[in-house]
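Enquirer: Next up is a structure, given as structure tokens.
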């Protein structure tokens with residue numbers, strides 16, 4: 001009869017509506033808008049180590065007729081993104097210092113994944129893969145996270161000597177960089193307990209407490225104590241530095257050496273006196289365990305312990321012990337040297 005739907009047409013009309021009701025009845029989420037061309041990443045956090053090659057996945061489900069893909073790094077604490085690489089699917093151009101170590105993976109014609117060679121400490125952070133086609137720009141975000149170690153640092157003058165910029169420089173001089181909050185939190189869960197407050201990369205000042213006690217913020221719950229954002233130029237605290245796996249190795253040279261003799265001993269072995277970050281990384285990743293104080297490049301004397309034992313630092317937990325900053329002319333310690341492989 002005119003005006004009536006045929007049975008096949010009726011099925012075509014009702015089927016999408018019926019399937020939606022069926023999905024809701026089963027508890028499936030209702031359809032929602034998502035990337036039209038870019039596939040969502042299976043893993044949004046990519047783990048790597050310094051010196052390794054890291055791949056940040058970005059894959060097109062289908063290519064638009066004309067497009068570009070732009071990779072950028074979201075700078076922490078700043079409202080800007082740093083370009084790394086732009087490609088039109090055929091040719092790619094790198095930008096900045098990271099662009100020289102970055103390339104497209106090109107595993108297949110829809111692959112826009114970014115490969116970073118020789119990962120550095122400053123490469124950790126948030127990245128964005130953005131598809132630009134002039135109509136419906138889309139993007140996916142990923143985080144590159146390095147396995148590493150956080151260590152508190154203060155100079156020979158004593159605690160609370162650094163403003164933010166000085167803390168940042170001090171960490172870089174010790175083969176590290178200012179730690180992020182996430183890195184400090186991870187270190188706290190792994191046993192870092194420290195009463196002195198220190199700068200973090202985002203400009204906040206915090207300190208991790210495992211055993212709550214009166215001199216460390218009171219007897220409340222353990223956690224990360226916060227002083228909140230501070231004045232980067234005026235306020236002064238210690239620093240929490242972050243370092244990762246080493247390209248070379250650290251070794252101990254015994255003796256009763258002054259600091260200048262320690263430098264000479266390392267040079268004789270085609271090495272340099274190790275930095276604080278070197279020693280922490282060797283302790284963390286290579287299991288360096290040495291119950292002997294040794295000079296480091298900053299003039300401090302420390303030793304790494306992975307298996308606590310009597311008369312070897314006196315503390316029940318693993319860690320890097322410190323004798324502070326003895327007189328450089330005092331001939332009483334060996335030295336820790338660092339050699340590239």
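Placement of Cβ uses the backbone N, Cα and C atoms for every residue, glycine included.
The signal peptide annotation in TrEMBL covers 1-27. Summarising the annotation, TrEMBL assigns domain 'Ig-like' to 35-143. The domain 'Link' feature in TrEMBL is assigned to 149-243, 246-339. What TrEMBL records for 195-216, 291-312 is disulfide bond.
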Enquirer: Can you give me the same-chain residues 6 or more apart in sequence from residue 195 (disulfide bond) with a CB-CB distance under 8 Å?
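Expert: Expected: 207, 209, 215, 216.
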Enquirer: Using DSSP, how many residues in the domain 'Link' (246-339) fall into helix, strand and coil?
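Expert: Final tally across the stretch: 21 helix, 29 strand, 44 coil.
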Enquirer: Grab the pLDDT values for the domain 'Link' (149-243) and give me their mean, rounded.
Expert: 94
Enquirer: Just counting, how many other CB atoms are there within 10 A of the CB of residue 312 (disulfide bond)?
Expert: 15
Enquirer: Write out how many residues of the domain 'Ig-like' (35-143) are helix, how many strand and how many coil, based on DSSP.
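Expert: Output for the domain 'Ig-like' (35-143) reads 7 helix, 48 strand, 54 coil.
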Enquirer: Specify the count of other C-beta atoms within 10 Å of the C-beta of residue 216 (disulfide bond).
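Expert: Cβ-Cβ neighbours of residue 216 (disulfide bond) within 10 Å number 19.
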Enquirer: Looking at Cβ-Cβ distances, which residues of the chain lie under 8 angstroms from residue 291 (disulfide bond) while being 6 or more apart from it?
Expert: 303, 305, 309, 311, 312, 313
